[in-house]
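One structure is given here, and the rest of the page talks about it.
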Amino acid sequence: MAEDQNTTDRWELPSASEPVKNVDRWELPSASEPVKNVVLVGRTGNGKSATGNSIIGRKVFESKYQAVGVTTRCKTFRAVTPDGPIINVIDTPGLFDLAVSAEFISKEIVNCLILAREGLHAVVLVLSLSTRISQEEENALCTLQMLFGGKIVDYLIVVFTCGDMLEDRNMTLEDYLSNGCPEFLKNVLRLCGGRRVVFDNRTKDEGVKAKQVQQLLVHVAAIEKETGGNPFTDTMHRRIQEEAARVKREEKEIEEKNIADEEKAALKKQLDMSYSQNMNMMALMMERIFKETAAANERQMNMMKDFMEISIIGNDAHRKRAEEKQAEKKQECNIL
């Protein structure tokens, strides 16, 4: 089976008229079948790419268990589900890793919005059961809300990878969550209406593979129902799609001109340059928002750190006073 891949190493213009081709097929899609864009976000090493492979049903995204991210650009593959909808899975690099520059992140967010032509039908936050919740992950939800607005949580699904760990320990996800669940995670699950799925991306059991993907698709369908069938879009996404439509329209007009091929090529080059310039401007806008969000997160972290230090100092002072009082009482007893 072949698959439809699109990577964005530069500003590429998606074709609105291009048919779905080379799709990883369970059955042939018809032109009327809808596309559901599912974007995977999360920390490097949490298993985003492996989860994408599980959804698609074969290894299409490069995936390795290592600290350094394998995915360096947004990539997308499509699969046709047995029930009809085409699932367009968008794998992202570690957009919320602290070591990644704001410039890189902003460009990849714009690339992600380019790939999600119809809008976002689900945002999958990938967390690993094998690691503690990191500061990056705690910042991720705030960053998503700052970049896209509070409505983004209406499209959020949490996927927990390393499901085999639960099986090895004879635990359920509920057991895991009830055993000292971090406040951040409680908040995320509350905001997204408890939409969560456990993925075992290493399993060879075809039944388990199918079941976990089906559970995810049930959540995607529930989001569609709850949002009235409207995918998530924001001002930035609409501007990107309007720009794409403009370029396609002008490209068609150039093709219809009765001029030499060399002139057509020159006009198309100018059009491509204007598109790239506009995409760069949008990336700069996104970078500014991201930097402001990162600065706000850092201020909050520093405030929490200061509060903890004050609490520690206060506790130390209280303990010291208690020890001094105890010593005084002891001395009084000795005198008596």
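Just so you know, glycine gets a Cβ as well, placed from its N, Cα and C.
Quick look at what Swiss-Prot annotates:
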type    : residues                                                                     : note
BINDING : Gly42, Arg43, Thr44, Gly45, Asn46, Gly47, Lys48, Ser49, Ala50, Ser63, Asn201 : GTP binding site
COILED  : 237-270                                                                      : coiled coil
DOMAIN  : 33-241                                                                       : domain 'AIG1-type G'
REGION  : 42-49                                                                        : region 'G1'
REGION  : 69-73                                                                        : region 'G2'
REGION  : 91-94                                                                        : region 'G3'
REGION  : 161-164                                                                      : region 'G4'
Find the longest CA to CA distance in the recorded GTP-binding set Gly42, Arg43, Thr44, Gly45, Asn46, Gly47, Lys48, Ser49, Ala50, Ser63, Asn201; express it in Å as a whole number.
16
Return the residue, from the listed binding-site residues Thr44, Asn46, Asn201, with the maximum count of other C-beta atoms within 10 angstroms of its C-beta.
Asn46
Under DSSP, the region 'G1' (42-49) has how many residues in helix, strand and coil?
2 helix, 1 strand, 5 coil
Which of the three DSSP-derived classes (helix, strand, coil) applies to Asn201 (GTP binding site)?
coil
Can you give me the residues near the recorded GTP site, meaning same chain, not Gly42, Arg43, Thr44, Gly45, Asn46, Gly47, Lys48, Ser49, Ala50, Ser63, Asn201 themselves, Cβ no more than 8 Å from the center of the site's Cβ atoms?
Thr51, Val126, Ser128, Thr161
Including all protein chains shown, what's the count of other C-beta atoms within 10 A of the C-beta of Gly42 (GTP binding site)?
25
Look up Ala50 (GTP binding site) in the DSSP assignment and reduce it to helix, strand or coil.
helix
Would you mind splitting the region 'G3' (91-94) into helix, strand and coil residue counts from DSSP?
0 helix, 1 strand, 3 coil
So what's the average pLDDT for the region 'G3' (91-94)?
84
